[in-house]
Amino acid sequence: MKAVVRVLKLEERAVHRQQNRPPAVQGSQHQSHSPACMNPALMSSPWVRQKHGGRAIPNRLCLSTTDSPHSYRYQDDDSPPPEHSFPRLTNEVRAPELVHVSEKNLSEIENVHGYVSHSHISPLKASPAPIIVNTDTLESVPYVNGTEIEYEFEEITLERGNSGLGFSIAGGTDNPHIGDDPGIFITKIIPGGAAAEDGRLRVNDCILRVNESDVSEVSHSKAVEALKAAGSIVRLYVRRRRPMLETVTEIKLIKGPKGLGFSIAGGVGNQHIPGDNSIYVTKIIDGGAAQKDGRLQVGDRLLMVNNYTLEEVTHEEAVAILKNTSDVVYLKVGKPTSVYLSDPYGPPDITHSFSPAMENHISSPGNNGTLEYKSSLPPISPGRYSPLPKHLLGEEDINRNPSLDEMEGHRFDSQHFQLREPRKIVLHKGSTGLGFNIVGGEDGEGIFVSFILAGGPADLSGELRRGDQILSVNGIDLRGATHEQAAAALKGAGQTVTIIAQYRPEEYGRFEAKIHDLREQMMNHSMSSGSGSLRTNQKRSLYVRALFDYERAKDSGLPSQGLSFRYGDILHVINASDDEWWQARRVTPEGDSEEMGVIPSKRRVERKERARLKTVKFNAKPGSLDSKGSFSEKRRKNFIFSRKFPFYKNKDADEQDGSDSERSQEELILSYEPVIRQEINYARPVIILGPMKDRINDDLISEFPDKFGSCVPPANSSDQEDTTRPKRDYEVDGRDYHFMASREQMEKDIQEHKFIEAGQYNDNLYGTSVQSVKYVAERGKHCILDVSGNAIKRLQVAQLYPIAIFIKPRSIESLMEMNKRLTEEQAKKTYDRAMKLEQEFGEYFTALVQGDTLEDIYNQCKMVIEEQSGPYIWIPSKEKL
C-alpha cells in the first residue's frame with residue numbers, strides 16, 4: 001500500500017504542478033533573476049530526469065519556494081490520507097508532461113538546460129557574422145541618459161542535448177526583465193550545456209526569434225513554449241548591446257587619510273547601466289588618493305582590484321574586495337572612448353562634477369559619544385549613467401573606513417576637526433567593547449588604531465580613526481607602553497573611557513609597512529585589545545573540514561583579509577604556524593580556489609566558544625538541564641524498540657560509545673576536522689537526520705530506484721535486516737529479514753562490531769549489519785539508512801564512509817509552515833529534537849541543509865549527494881590539529 005501511495009503522489013504532483021503554475025507578479029522592476037529551485041549543475045545530472053512512458057523526460061518540474069497559492073506542498077507524515085488531500089482539478093487534464101519551470105514571486109526564469117558533446121551550425125543556414133546596426137533604424141530608439149544604444153545581432157544554432165539547451169531566460173511582456181523592455185533575456189549559461197559548449201550565447205543577450213517563431217514581444221510562457229517546441233536543432237536570433245569601446249589601464253593608488261577616495265555603483269542584481277553587471281566609478285572624492293593620482297575618472301569601469309576580478313560580482317562583493325585591501329592598491333580599469341562622443345553626460349571635469357561639500361554641523365558628543373550630522377543637500381548634476389536615483393543603485397564610497405569621512409556627505413570639516421592636534425575622545429563600552437583594534441607597542445613606537453568595527457562605539461562616535469596614536473587612556477600614559485600594557489589599560493578602563501589621541505598617519509604608515517612582511521609570512525598576531533602575542537612556529541600545511549559557519553564580516557579581530565566559509569567546506573590550510581590565525585584557501589572540486597584569506601585557528605575558535613557557553617550557562621534559568629547531557633542520559637535510560645534502534649548494550653559497545661557519556665560531562669566544541677583525500681569504488685551510504693527525513697528517503701528511492709536502495713525491499717515495513725526472531729510462515733529469509741541461527745551468534749557479531757546499529761524488541765534482537773550495507777554499496781547503489789547518528793561513526797570504522805546530511809530547521813515557525821497540521825507544541829518538540837541531534841552528532845555530518853519548503857530541502861539533499869558521491873572524497877584523518 002505504501003508503494004501504491006507513493007506512485008499516486010508522484011502522478012498527482014506532476015499533474016498538479018503542470019496545471020497550476022503561479023502567475024508572475026506584474027509591475028515590479030526589482031526582480032530576482034536566479035533559478036529558483038535547483039542548482040544548475042544538479043539539473044544537468046541524469047538524476048533529475050524522470051522516466052515517463054518508457055522514455056527519458058528531460059528535467060523535473062519544480063516550483064518556487066514561495067508561498068504562492070498555486071505552489072504544491074508535499075504531504076507530511078501526519079497529513080490526511082491521500083484520497084482527502086488531492087487537489088481538485090476542475091479543468092480537463094491532459095497527460096502530464098514534465099518540464100523544468102523555475103518561477104519566483106517577482107519574475108519567471110526558464111531554465112533550458114542541456115549537455116551535448118558538440119554544437120554546430122545548422123547546414124540549412126549558416127550563422128552570419130555579427131551585424132552592427134544603429135538603433136536609428138528601429139521604431140523606438142533606446143537611450144541611456146541621452147546616449148543612443150547600438151546593438152549587434154547574431155544567429156546561433158544549437159543542438160539540444162539530453163536535458164535541453166543549457167541556459168536560463170527571464171522577461172516577457174507580462175514581466176519585463178530590464179526596465180520596460182518586453183524582451184526575453186539570457187540570465188545564465190549553464191556550464192557544460194549546449195550553449196556553453198557553443199560559446200557564442202552570452203548573458204543579457206535578448207532572443208528575438210526561435211527558429212521561425214517571433215518572440216521579441218511575447219509573454220514569458222509563450223517564449224518557453226517556443227523553446228520547448230523548437231526540436232533538436234534550435235536556431236536563435238539574438239540581439240545584444242554593442243560592447244562599449246574602452247581602453248584598459250592599470251592604476252596604482254596609495255591610500256591616504258581619506259582612503260582610496262572614490263564611489264562605486266553597479267553589480268549583479270544592482271545594475272548601474274541596464275543590462276550591464278559591471279562596477280562603475282560614480283564619484284571622485286576631493287582630497288582622496290584617486291583625485292591626487294588624477295587618472296581614475298567618473299564612468300571608468302573597474303575590472304580588477306589587485307588579483308581579484310570585479311567581473312560579474314555583486315555590489316556587496318565589490319565593496320568587500322575594495323575595503324579589504326592594504327595601503328597599496330592596484331586597479332585594472334576600463335576607460336570609455338568613442339562611445340561617449342555624442343553623450344551629453346560624458347566624463348565631466350572632476351573638479352566641477354559635484355557641488356561643494358555639504359555642510360556638516362557637528363554637535364557636542366552626548367553620553368553615547370555619537371555625532372549629529374545636519375546636512376544641506378545642494379542639487380547634484382546627473383552622472384553619466386544614472387537612470388535611477390543613486391540611493392537605489394547602491395552607490396558606495398570606497399575608502400579606508402566606511403563609517404567616517406568616506407561615506408558620501410560625511411566629510412569632516414577641518415575647521416571643526418583638527419586631526420593633527422591631540423584631542424579628547426569619550427567612549428562608552430557596548431556589547432562589542434570599544435569597537436576598535438590596536439597594534440604597536442614594540443621598541444617604544446607607540447600604540448595605533450588599526451581597525452574600527454562598524455557599528456561599534458568608536459565608529460558611532462566618528463571621532464576615532466585608523467592611524468590615530470593612543471596617547472593615554474583614563475589618564476594612563478601609553479606613549480611608551482607595550483602592546484600588553486595598552487590592552488590591559490583598555491580592558492580595565494571601565495564603562496566610560498576617556499582617550500587622548502593624535503592622528504599620525506605617517507608614523508602609522510611606517511609601522512604598517514613593517515608588519516606587512518609579517519603578514520605575508522602569516523606571522524599574524526591578534527589585533528584585538530584582548531591579545532597581542534606574536535608566536536612563530538614552523539610552517540605547517542594541512543586540509544581540514546569546517547564544522548561551523550564563519551562570516552569574515554562579523555569578525556572584528558581579523559588582522560588582514562579573512563576567508564568566509566560554511567559548515568562542511570574543505571579548507572586547505574597553507575600555514576597553521578600561528579596560534580590565533582591560519583592562512584587558508586577553500587577547496588573546490590576543481591582544486592584550490594584563488595581566494596586566500598585568514599581564518600581563526602582551532603584554538604581561537606574553541607576558546608571563544610567556551611567563553612560564549614559560559615555566558616549562556618550563567619544566564620540559564622535555575623533548574624534547567626544541559627540539553628546535551630539530558631538527551632544522552634535519556635537515550636541511556638530508555639532502551640526500547642524504535643525506528644532508531646539504540647545500540648545493543650554490552651561491554652564492548654559501552655566502550656565504543658563512551659563518547660556519549662563523556663559529552664554529558666564536558667561540552668564538545670566543533671571547529672575543524674583534519675581530512676585526507678581518498679578514492680573509493682563504491683556508492684556511499686546515505687544517512688539523513690532531522691525533520692522530514694522519512695519523506696526525503698522515500699522520495700529518493702521512488703524517484704531514482706536505479707541510484708538508491710535499502711537493505712530490505714521497499715515493500716517491507718521494516719528498515720532493519722537481521723533478527724533473532726523466528727521466521728513466520730509468510731516470510732522469506734533474505735527478503736524480509738536475515739534470520740540469525742541463534743541469539744548467541746548475533747550477540748557475538750554485535751560484539752565484533754559487525755552491526756552499525758542493533759536493538760531489542762520483545763526479547764528479540766534486530767539490527768543492520770555492515771555486510772548488508774556493503775552489499776548494496778558495492779552494487780553501485782546508495783544504501784538509504786534509517787538509523788541514528790551513532791551509525792555514522794561505525795560505518796566510518798568499517799571504511800564505508802556515509803554521506804550524512806542533517807536537515808536543520810530554521811525555526812519552529814518554519815516547521816509549522818511546512819507541515820500545516822503540526823501544533824506549536826509538536827513543532828517545538830521537533831525543533832528541540834533536531835537541535836539535540838546537531839549537538840550530539842554535529843562533528844559527523846557531511847552537510848547541513850536548510851530550506852523553506854520540502855521541495856527546496858529535497859533538491860539540496862540531491863545536490864549534496866551528487867557532489868559527495870566520489871570517486872574522490874574527503875575522509876577524517878588521524879592528524880592532530
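The backbone N, Cα and C atoms fix where each Cβ goes, glycine too.
Among the features that Swiss-Prot reports, domain 'PDZ 1' is placed at 155-242, with the record citing sequence analysis.
Taken from Swiss-Prot, the feature domain 'PDZ 2' applies to 250-337. If you take every residue in the domain 'PDZ 2' (250-337) and average the pLDDT, you get 85.
Sequence annotations record features per position, and here Swiss-Prot assigns domain 'PDZ 3' to 424-505.
In terms of DSSP secondary structure, the domain 'SH3' (539-609) contains 11 helix, 32 strand, 28 coil. Here Swiss-Prot flags 539-609 as domain 'SH3', drawing on sequence analysis.
Look at Swiss-Prot and you will find 683-866 tagged as domain 'Guanylate kinase-like'.
Per Swiss-Prot, region 'Disordered' is recorded for 16-41 (among others).
The region 'Disordered' feature in Swiss-Prot is assigned to 63-88 (among others).
According to Swiss-Prot, the region 'Disordered' annotation covers 709-729 (among others).
Contact between the domain 'SH3' (539-609) and the domain 'PDZ 1' (155-242) is not supported, since fewer than 3 Cβ pairs fall under 8 Å when only residues 6 or more apart in sequence are counted.
In the domain 'PDZ 3' (424-505), helix, strand and coil residues by DSSP number 15 helix, 34 strand, 33 coil.
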